[in-house]
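I have a structure here, written as structure tokens, and I will follow up with some questions on it.
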């Protein structure tokens, strides 16, 4: 009939497209993104690297006629301007967006799509929706947790701030899930193995919960510098109900002694299970171990560093002041500064676009609550190279870190009237040795020279002073000698409208799982032994470390470990 022919001109036989399924290709993508080790069934990818997904429709996809957009959302109020709502168009309509997308190929009713998250996109768990757009409106797929996926930092990508060029370093500082933390004294170094366990089941979600519990804005979660700084505060409970409660007393009756922990997963999973309730208890190496897990889990290269004879400068004067009473003992009421046998913190490897290029690389970040920084108990990130050069004005907390390893120890004698006088200055006691685990080895690396110049060495200090929009470099040699403050007067004329007399003060730089509890056992006689037998079932193949820790109120720091290979 003529009417039928007429209608066929305006109503083509091609029916509207409907989405039947979305396959995130988790196993294939994880292998390509170096995330296969995560014990998580969801897809986990890294920024600025393409991953593929397959969309199956109820009919073949027509690239010239069909209009489809893939939507990625994170957070409770997705907003395109804030980077929490991302759309990628495939089909006839093409738009540039924060993420890139392309059709790789079609087969039958399936379309293989490549998606590349932005190099600075937010890290976290995203939700995926596919929307078919027609003249009659939009049809969006329902919420499906199976299409959720995680985006992490990408130390394999030069565009990411946390890029690391050497694969051996990535294997150690991102993918190694077991490490060694050093303690003791500089002339008697001890060590203990630590299970970072960043790939264990539930740990990734626990790390993201830490950010949520700390109310870290999503906007900050794409900025490695800001996220690291926030993470430093969130590891301690001092002011924001963070992960761990510090305790330097000998009473651990309402929690677990710091020496009893053997790794991070148990702590993070307990924190998550308890709904963000801080876990008791921790000291510096526990804070550092858990922060290391948090950082590596999110894709940030990190390591634990131990500083032997570490000063705590409470007053911010770059000195460690020890006041002795009239009997020669330390006056606890008047001495605010202190020196620890050792102190552990973290380093992260990253580019610092907010600093001169030479101050990229390793950055100090410390989560042990010592002093506040911008109102919170945190420290860093601050450039190790800047610390070495004595550049203490750059963010963040450079003065505090410098004092931990470079301050003079000044002893004051007080009399019965409260008057004090300097009786001794020790210029070499603080920061005697800094160590970290060596790459692909259980030995330690002495990294003291990355923080400090050797005492007495000729070192060229170069400063750049700007005036009237011009910069004038002023190089001059400085002989490093203990306790010497030297004032150099420099007359400078080049490029300035008016000559100016400058006084330059140069600071000296000093030389430079499963927890098994045994509740009942017989007493151990002097020289005797205790034997305990249990059965453990490995869950994954490869090199593993079996750690044992004997801990009670009388005996602390009794640990040992055994390397095993699981086939």
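Heads up, the Cβ atoms here are built off N, Cα and C, so glycines get one too.
A TrEMBL annotation is a machine prediction, not a hand-curated record.
According to TrEMBL, the protein has these features:
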type	residues	note
ACT_SITE	284	active site
ACT_SITE	343	active site
ACT_SITE	366	active site
DOMAIN	276-369	domain 'Transglutaminase-like'
SIGNAL	1-16	signal peptide
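Burial and contacts for the listed features, if you can.
Cβ neighbours of residue 284 (active site) (same chain, under 8 Å, six or more residues apart in sequence): 340, 342, 343, 344, 345, 368.
If you draw a 10 Å sphere around the CB of residue 343 (active site), it holds 24 other CB atoms from the protein chains shown.
Here the Cβ of residue 366 (active site) has 31 other Cβ atoms within 10 Å, regardless of which shown protein chain they belong to.
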Under DSSP, is residue 284 (active site) helix, strand or coil?
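Where residue 284 (active site) sits, the three-state DSSP reduction gives helix.
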For the domain 'Transglutaminase-like' (276-369), DSSP counts of helix, strand and coil?
17 helix, 41 strand, 36 coil
Taking only the residues in the domain 'Transglutaminase-like' (276-369), give me the average pLDDT of this model.
93
